[in-house]
Amino acid sequence: MSVVEIEDGVFESTATIDNGSFGTRTIRFEAGRLAQQAAGAVVAYLDDETMLLSATTASKSPKEHFDFFPLTIDVEERMYAAGRIPGSFFRREGRPSTDAILTCRLIDRPLRPSFVSGLRNEIQVVVTVLSLDPKDLYDVLAINAASASTQISGLPFSGPVGGVRVALIDGQWVAFPTVEQLERAVFDMVVAGRKVGDDHKDVAIMMVEAEATENVIELVAGGAGAPTETVVAEGLEAAKPFIAVLCDAQAALAGAAGKETAEYPLFPDYGDDVYYSVASVATEALSEALTIAGKNERNDRTDEIKVEVLNRLAEQYAGREKEIGAAYRSLTKKLVRQRILTDHFRIDGRGVTDIRALSAEVAVVPRAHGSALFERGETQIMGVTTLDMVKMAQQIDSLGPETSKRYMHHYNFPPYSTGETGRVGSPKRREIGHGALAERALVPVLPSVEEFPYAIRQVSEALGSNGSTSMGSVCASTLSLLNAGVPLKAPVAGIAMGLVSDDIEIDGKTERRFVTLTDILGAEDAFGDMDFKCAGTKDFVTALQLDTKLDGIPSQVLAGALAQAKDARITILEVMAEAIDTPDEMSPYAPRITTIKVPVDKIGEVIGPKGKMINSITEETGASISIEDDGTVFVGASNGEAAQAAIDKINAIANPQLPKVGERFLGTVVKTTDFGAFVSLLPGRDGLVHISKLGRGKRINKVEDVAKVGDKLRVEIADIDNRGKISLVLVAEESETAADAPADAPVDAATTSS
């Protein structure tokens, strides 16, 4: 991979992505021109029009009191990148969009484990979107830009990290697909990894974020291959060559423009002497405590042992209490992993493929449109569904291609779910990420707006947490949506998997052993080598998220984990089906929404001047009305009668049956003038009773003497001129004409016309 010095001190390297018949994409990395005071700054380009600046900086002194690595990732979306002015009141960018937050998480997940352990200097990576071609997504380019700027910054970073989006289109995995190409994809994956091995030829997958597309069921029905576990595993392998090319380009740039790695003070969690002392004091008691099945009881006992250890060693290691706590945690991790690898048993007594006790229930919140409670062991999730008019869809003001969102999934994780105290209020990045994962899992099975003309808000309340509340949210949401009457194309369930690996000595030989865990606990998530969440129907995967701490997972191990996840998913789906397997009747508290179509040229008439007509229909019927630009009208009401009344009035305007001469109506006076009274016959259709016709043969001087606005008048159409103007005459009341009426007189049109 060559590097070009395009001017003094400005270097550029290029990665070419070859997609065969789908064409090529070019990713360029440039260093030395912009943000030169940052420790490392790189401009990344995707083809010619998408441009990102990533700047990495580090604090001069470490935060010694921190017991974690203070890495911050920020993504700044600039609206000028798309040639737009922000839609906020102040017309400038404010809090980050959901897309920006999710991109921050995509960058953080592979970058964080690539820094040397024990680093306590604050590190900040800021990615600014400077220009964006609307046909492209910027998130994957941001991963590469962040890695490249960090790689040249002189920080102790074991990169570079390459990130790629691959989509399965017409049977081929296409890298860096356009938004238009994604519409034809059945599956979409963001994969990040780095090159490993002595010769740096292997690629270790570090992070995966994947989903089936919104059109997957229609595409599969049309002959496309379903995204099964086997297909997903093939996609991960297909991503590796692209990642290698991106890593090579970044490494070449770092070779030309990178700084020497500086010396940074490292703060190991504990010293070897502390660990040895903790292990000698606590191993026996801790091993016994880790066999307690209940989370609270187990945590109480391990906390007691920790206090005993601190008391016994406090004098010996005065001032190093934090090291004692860290060593105790490390010992706990070792014992948990040891038991899994040697005995194939876990801290709660389960085997490696066992799922905790499952429970599913619907209709748990009285007035909610749909609700459900899903429990898996000590993880407890309540799902609540709310239905409303499509106009209540979320409007999105970001750089992404999505401008509105009809299905909104919100995830809440209150501190009491883990028995702790903490801040409540606006969602944190983790909550936004978990909600987005659950949302992606369900979008492929949602009905279209034509099939189900509602905006849907799904809220997942994590009431208890001990392992994968995000996958519990998928299960609770499926149950809740069905309870609300949403006709899902298929039910979806999710499960969290884990992986533990180590070198085990057997008969004098050392071998690498991998054990995949089904339905991991919170502790197994923290102490394991992989966190792998998988959601899907009984037939295919709808969403997948993977993070690993290992330098590569053998493909057969990953394939086995996917198959193990499917077995668990099928088991959970069977339990869910016992609670509800088809959509329920809609709640009486949910609005009844109907759609009708009106000619586009009639939209203005339905709305009326300054909204007068549509507002009057809303006031008279109590229905909510929303009109789209294509003439689709959504009518919502608390009952069917109100909705039908509104539909009748709209149809009378937009799809009218033109009145004929001789028809009679019971109309309402809507306006009086010096020359007569205007009478409303149908919505949007008025006629004039001339003043000379108002006196029933007698002369009147003032229209208001005989007709006031709001009066009901029985009228007959006397004439319709070539401009459509209607002339009316009064019809004698029945009491006045009953004696003279012939036997075959026509029925009053007021009872037959509309």
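Here the Cβ of each residue, glycine as well, is placed from N, Cα and C on the backbone.
Look at Swiss-Prot and you will find Asp525, Asp531 tagged as Mg(2+) binding site. According to Swiss-Prot, the feature domain 'KH' maps to 591-650. Annotated domain 'S1 motif' per Swiss-Prot: 662-731, in sequence order, evidence recorded as sequence analysis.
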Let's check the environment of Asp531 (Mg(2+) binding site): how many other CB atoms sit within 10 Å of its CB? 20
Averaging pLDDT over all residues of the domain 'KH' (591-650) gives 87
What is the number of residues in the domain 'S1 motif' (662-731) that are helix, strand and coil, as DSSP sees it? 7 helix, 37 strand, 26 coil
